[in-house]
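Undergrad: Submitted below is the structure of interest, expressed as C-alpha cells.
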Amino acid sequence: MKIVALLLVILCYFFQDFVSAQLKIGFYHSSCPNAEFIVKSIVQKRFKNNPSITGALLRLHFHDCGVRGCDASILIDSDSSKNQISEKDSAPNLTVRGYELIDEIKEKLESICPLIVSCSDIVTLATRDAVALAGGPTYTIPTGRRDGLVSNSSVDLPGPTQPVSEILRFFRTIGLNKIDMVTLLGAHTIGVAHCSFFQSRVSDFRGTGRPDPTMDPKLVKKLFRLCNTSKPSTTLNNVPKTFLDQNTSFIVDNQYYNQILKKKGILKIDQELALDKLSAPIVARFANNGNAFRKSFAKSMVKLGNINVLVGDDGEIRKNCRVFNNPN
C-alpha cells in the first residue's frame, strides 16, 4: 500500500508539472496587453492607502491554492437560497480578506477585455505586486490559469496549533517541500493574527493555567493585556489582533525568522518552526541571510501559484469573480 501511495504522489507531481508547463509568461500579451499593468496600478493605489493589503492577499492566495488548487474557488459567494456554502464561509476562511480588491481589478479588466483574464490569475498577480510593494522580492509569474467550477465548505487547511510534522505533511500533499513550507510561513513577516488564534498561549497553555514557556515573557504580558482588556466584540473587524512580526510589521523581509529565534513567535506554529529539528536549520539560515530568504520566497511563491491549475478548456473565465458563469 505504501508503494501504491508513493506512486500516486509521484504521478501527481508529474501531472502538476505538465499542467503548469502550459502556463506562460505574458499569456495576455496579445489578448489583453495591459492586463498586468492594470492589476499593478490598482494594487499600488490600495497599498498606498492600506499597506496591510499585502498580508491579506498572501493569505487569500494561499487559502485558495491550498484547497482545490489555484482556481479562485475561494472567491465564490455562498448562495443561501440554494443552501450552498462556499469555501470563503468555511471556518478556516472567515478572517480572510481582500475580496473587494479582486472585484475592483476584475471590473476594470472586464470593461477593457471581457472574459479574457481569469480571477485566479488576478489573485496571483495582485499578490506578487503587493509583495514587491512591501519590500519583498520581485519575480515573474506565468499566467493562463482558468477559474474553477466548484466551491464548497469542505476545507482542510492546516491550523496554527498543529505540529511542524503535520504542516509539512500537508505541504507535501500539494506538491511543496520542507523548504517551501518554512519559506511560505515566512509570509507571517507581514499581517496580523486575532486573539483567538494565540490567546491560549498567553493564559492557559494546554490546560496548565500558565503561559506557553516557549514565548518571551515580555511578549506574553503584552498579548495578555491586549486580549483580556479589550471589550468583547461580535464582529471580526473589532476583535483584538496583533502583528505577526513585532519588528518590521509592514515589510516582507527575514525579520520574522529573527523574531521566532528570540521566542517572539505569535502563533504556536511560528515558534515551533524555530524549535523543531525538521525546520530549525532553515529558520537559522534565513535569519542570518536575508537574500537567501528573498530568493527562496520568490521561488516558492511561483510554485504555490502553479498548484493544480486549470488550463486550456478546463474551468472557465468568470465574468464576476464571486459567481460561476452558469451556476446550477
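The chain as shown is numbered from 1 upward.
The backbone N, Cα and C atoms fix where each Cβ goes, glycine too.
Copied straight from TrEMBL:
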- 1-21: signal peptide (SIGNAL)
- CYS32-CYS113: disulfide bond (DISULFID)
- ARG59: site 'Transition state stabilizer' (SITE)
- HIS63: active site, proton acceptor (ACT_SITE)
- CYS65-CYS70: disulfide bond (DISULFID)
- CYS119-CYS321: disulfide bond (DISULFID)
- CYS195-CYS227: disulfide bond (DISULFID)
Undergrad: Of all the disulfide-bonded residues given, CYS32, CYS113, CYS119, which residue's CB has the most CB neighbours within 10 A?
TA: CYS119
Undergrad: For CYS70 (disulfide bond), just count the other CB atoms lying within 10 A of its CB, please.
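TA: Excluding its own Cβ, the number within 10 Å is 29.
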Undergrad: Would you mind listing, in sequence order, the residues at least six apart from the residue listed as 'active site, proton acceptor' in the same chain with a Cβ closer than 8 Å to its Cβ?
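TA: Counting only residues 6 or more apart in sequence, the Cβ neighbours of the residue listed as 'active site, proton acceptor' under 8 Å are ILE74, GLU87, PRO92, ASN93, VAL96, LEU157.
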Undergrad: Find the one among the disulfide-bonded residues CYS32, CYS70, CYS113, CYS119 whose C-alpha lies closest to that of ARG59 (site 'Transition state stabilizer').
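TA: Nearest in space to ARG59 (site 'Transition state stabilizer'), counting only the disulfide-bonded residues, is CYS70.
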Undergrad: Hey, how far is CYS119 (disulfide bond) from CYS113 (disulfide bond), Cα to Cα, in Å?
TA: 13
Undergrad: I need the nearest neighbour of CYS113 (disulfide bond) among the disulfide-bonded residues CYS65, CYS195, CYS321, using C-alpha distances.
TA: CYS321
Undergrad: Cα-Cα, whole number of Å: CYS32 (disulfide bond) versus CYS227 (disulfide bond)?
TA: 48
Undergrad: Measuring Cα to Cα, how far is CYS227 (disulfide bond) from CYS65 (disulfide bond) in Å?
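TA: Here the two Cα atoms lie 31 Å apart.
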Undergrad: How long is the line from the C-alpha of CYS70 (disulfide bond) to the C-alpha of CYS195 (disulfide bond), rounded to the nearest angstrom?
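TA: Answer for this pair: 29 Å between alpha carbons.
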Undergrad: For CYS65 (disulfide bond), just count the other CB atoms lying within 10 A of its CB, please.
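TA: Cβ-Cβ neighbours of CYS65 (disulfide bond) within 10 Å number 26.
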Undergrad: If you measure CYS321 (disulfide bond) to CYS195 (disulfide bond) at Cα, how many Å is it?
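TA: CYS321 (disulfide bond) and CYS195 (disulfide bond) have their Cα atoms 31 Å apart.
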Undergrad: Using CB atoms and a 10 A radius, I'd like the single residue among the disulfide-bonded residues CYS195, CYS227, CYS321 with the highest neighbour count.
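TA: Per the Cβ count within 10 Å, the most buried is CYS321.
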